[in-house]
Amino acid sequence: MQPLISLAGNETLERLASIGLLSNFMVYLTRVFHLKQVSAANLINIWSGMNNFVPLVGAFISDAYVGRFKTIAFGSFASLLGMVIVTLTAWLPNLHPTKCDPKHQISGPCKNATSTQLGVLIMGLGFLSIGTGGIRPCSIPFGVDQFDPRTEEGIKGINSFFNWYYTTFTVALLITSTVVVYIQDSISWVIGFGIPTVLMVGSIALFFVGTRIYVHVKPEGSVFSSIARVVVAAYKKRQLKLPVDGEVVGVYYDPPLKETVLSKLPFTNGFRSLNKAAMIERDDLNPDGSLANPWRLCSIQQVEELKCLIRIIPIWAAGIVALTSMSQQGTFVVSQAMIMDRHLGPKFQVPAGSMSVISLITIGVWLPFYDKILVPAVRKITKHEGGITLLQRIGIGIVISILSMLVAGLVERERRAKAISHPRAKPMSVMWLAPQLVIMGLCEAFNVIGQVELFNRQFPDHMKSVGNSLFACSFGGASYLSSLVISIVHRVTGTSHHPDWLANDLNTGKLDYFYFLLAGMGFLNLLYFLFVASRYQYKGSVQMGDKCDHDLELSSIKVPDVVEKSTN
């Protein structure tokens with residue numbers, strides 16, 4: 001129980017730090033650092049994208065070199081250092097611009113942040129990203145390492161750990177989107193950043209308390225190394241001529257798999273050039289059957305694992321564009337909320353950064369309804385276990401993402417028209433943003449969760465980390481794509497006669513056009529998705545207890561005397 005508490009606490013507080021910053025960071029950058037709206041949005045998107053890509057590096061270093069414990073420990077200290085630096089930017093007067101009335105920011109008299117002040121802030125965000133790269137890819141695998149999956153008690157422990165993990169993750173999201181954001185917005189940025197910093201200190205202490213009782217699994221090499229070996233081996237043997245279809249025995253390297261592998265991938269003819277990586281040449285094997293050079297000969301299993309990754313990349317790419325609409329929750333949606341009426345009742349004012357809670361509530365309400373009521377009803381019609389296929393679920397999510405941007409554009413058009421025609425009237429209520437946020441929540445429930453399930457089902461057991469990494473990279477790619485589109489729109493749409501669509505003053509800009517542009521991109525992405533989804537082939541598997549006509553013992557592998565090479 002102690003390892004579970006320590007690891008769940010460490011991960012929760014790391015999420016409190018990074019998500020807590022991202023939820024309200026648009027307000028911090030524009031109100032405290034006086035950044036223009038476009039600059040703030042780009043900085044957030046770049047940082048968010050980095051947070052989703054660096055776990056790939058952390059996973060590789062952990063699996064191949066230092067192990068999960070040391071990676072988490074290093075990441076925790078990096079996160080703490082980043083939080084301290086960001087807190088100092090809010091606390092020390094020399095690390096942020098002079099305070100300015102928000103009403104004056106649009107006209108431009110507020111003093112901009114200096115390069116030194118921005119440099120310190122970005123350095124803090126960089127350390128937070130390094131911490132994210134160390135903690136996120138290792139926390140779940142390290143937690144699972146503490147239990148023996150071969151025993152009933154170990155299985156229960158793993159289930160408990162997952163329950164703790166996702167429960168604390170949800171709690172962290174709610175706390176950061178409400179309590180922490182409220183403190184930052186209404187009380188003090190120093191306190192709002194300082195609380196997570198203090199909690200991170202406690203998290204590190206809690207993590208090291210369990211040092212002596214942790215199970216430490218030695219690094220055995222990264223799955224990315226295996227993927228690289230297949231590519232290199234296939235390139236080295238690119239001149240080999242492939243054998244006749246069906247000829248496998250004695251031609252391809254297919255050793256028995258480890259006992260921990262529950263199923264193996266069947267040999268396929270897709271991406272045939274990669275099959276050359278498993279073709280046996282003279283001197284590829286030692287006399288005892290072991291590999292002479294793992295960068296020249298790979299097993300059929302290794303080749304098929306790479307094929308799984310290649311097949312799913314087009315589906316993954318479609319998810320990036322769909323998630324671009326969700327990236328707006330932390331940027332322009334917050335900007336809209338800042339100039340709308342955020343009062344609920346005579347005294348309480350909703351923090352602009354807390355509007356994303358609506359999406360979280362939507363997901364929390366929809367998922368039980370979907371699983372308990374909708375799926376059983378649809379299952380009776382389709383006869384499919386999940387009601388609909390995973391690709392259909394992702395496709396529905398893409399359609400919903402388009403709808404969310406259309407609704408967002410219509411709401412912004414109405415808000416701007418009212419603000420221009422009645423400048424002295426009370427601003428439109430912030431709750432007009434609720435419909436698009438509800439739809440964004442439904443997009444996440446269909447598209448995001450559909451991607452997670454697809455990636456986990458379409459990869460072999462030991463490649464689940466690759467699937468999780470692809471999922472994180474979807475968000476990272478969406479953040480970078482959003483930043484690219486914002487930069488292009490900002491430069492192309494502005495002239496000397498009128499401001500660009502994303503002007504600092506939303507009332508003079510055309511934010512609705514930007515939303516409609518994203519909807520148009522989403523429609524083109526939908527057509528692309530329908531094309532690649534119709535051609536996608538789900539992976540097959542062979543249970544290790546079953547017989548497979550090309551399962552070979554090392555001792556029975558026969559190396560051909562001559563392997564014919566193509567003359568081309």
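Glycine is no exception: its Cβ is also placed from the backbone N, Cα and C atoms.
According to TrEMBL, the protein carries these features:
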| type | residues | note |
| --- | --- | --- |
| TRANSMEM | 46-66 | transmembrane segment |
| TRANSMEM | 72-93 | transmembrane segment |
| TRANSMEM | 164-183 | transmembrane segment |
| TRANSMEM | 189-209 | transmembrane segment |
| TRANSMEM | 309-328 | transmembrane segment |
| TRANSMEM | 348-369 | transmembrane segment |
| TRANSMEM | 390-410 | transmembrane segment |
| TRANSMEM | 430-449 | transmembrane segment |
| TRANSMEM | 470-493 | transmembrane segment |
| TRANSMEM | 513-533 | transmembrane segment |
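Long-range Cβ contacts of the transmembrane segment (46-66) within its own chain (Cβ-Cβ under 8 Å, at least 6 residues beyond either end) map to 18, 22, 75, 125, 128-130, 132-138, 219-225, 327, 330, 465, 469, 472-480, 483. Most Cβ pairs under 8 Å with the transmembrane segment (390-410) belong to 430-449, among the candidate stretches 164-183, 189-209, 309-328, 430-449, 513-533. Two recorded stretches are said to be in contact when at least 3 C-beta pairs lie under 8 angstroms, sequence spacing 6 or more; the transmembrane segment (309-328) and the transmembrane segment (164-183) fall short of this definition. Here the listed stretches are 72-93, 164-183, 348-369, 430-449, 470-493, and the one with the most C-beta pairs under 8 angstroms to the transmembrane segment (189-209) is 72-93. Long-range contacts of the transmembrane segment (164-183) within the same chain, counting only residues at least 6 positions beyond its ends with a Cβ under 8 Å from a Cβ of the stretch, are 4-5, 8-9, 11-13, 15-16, 19-20, 23-24, 139-140, 143, 191-192, 195-196, 351, 353-354, 356-357, 360, 364.
Counting Cβ pairs under 8 Å to the transmembrane segment (430-449), the top-ranked stretch among 72-93, 348-369, 470-493, 513-533 is 348-369.
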